[in-house]
């Protein structure tokens, strides 16, 4: 019975997978199973077979009386190829259920695809799984191997060069017997660099006879990558750096005491670029730039600093932090005093004030929202607005009369009567303005309704009464002479 079950299982497994789907390891395993000779009463346990790629789940419910009637096996055989085992993927199992007659039930397929069991749930591969891990490096920062110098597209080039130079110097000094030749030192430096730094060391002709070869390489890197002329004029570059550091310290300002650490770091970095003899003056300048507690900290520094602590910016920063902590403690006490109950003051000594004005604090009552609304049985009358989306009507009112050319609707400027022009006015002879109009017509001028149309010209007409005055004077003289003659 067991032998027939094994034969059917192997045949069904061969039928489901096919020759094209088997790998070499699977093929060898199936051949070994078919070649084994088994007794009739021997029970087969496929899980005991020496194979890492074969997993079997077997369920047997048999009895001695009716072993042929009730026998049911659940065989799940899943095999993984060598390529899949190398990639680390988990094995997938195929379940084959055997009926009482010894046959097997073929897994159902949907639309030419594989068994529906495989489509319902797919196990995630290790590539799809998420394992939260802490980053080993700072995000956005390029990491190089131990002791290697790579300054390609780096911002902090000077720091990287200084650290690398210190490491190279330590290797050479601790192994003097191995690095007596400059060629060996250059070979070490070439293998400890990459990128443009390596190309500089490899393509430059170095002076191997005189001078320190490490110092030559470092000065060349300063010149080529930092723009500092350390190779030709190192002293001038140092002086220039000191002047820039002094200007930087003078311009530094601290407005918010919360940025004390950043301010101290920047000031200290520039201070150590100057001479140590100038440190006390720069420390006093540092303390004077700190708001709120700077004056008190400066007084303490002048009294407490002695010996080498005069040159220590760290000692000054320590005093500043102590004064800052005192202010923080005082602010905490003030917050606690606001919650202090004044009724507790009666516990101490008796009051010494009698009849004074009692100070009372205004009480603020909490406003509660009404639980009900006032019922209004009527609707508020809304204002009717007609023609909300139409053009508004023109307002009625007095309009200034328009006097077009060719019509006599204007008012005469001589008699102020509407219906005629000034040149047709009946009172033009008696009016003094009419004489002016008459003289204008004699000169060939005509009245214009729109004076600002066309070319604009201004004319001035002056009326002189000298002739009339002279005629009156002559008449007076004649009358006076006639009277004199009559008297004679």
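Backbone N, Cα and C atoms are what each Cβ position is placed from, and that goes for glycine too.
Looking at the stretches 374-391, 392-409, 410-427, the one that Swiss-Prot records under the feature zinc finger is 410-427. Per Swiss-Prot, the range carrying the annotation motif 'Nuclear localization signal' out of 121-124, 125-128, 129-132, 145-148 is 121-124. Counting residues per DSSP class in helix, strand and coil order gives 3 helix, 2 strand, 13 coil for the zinc finger (410-427).
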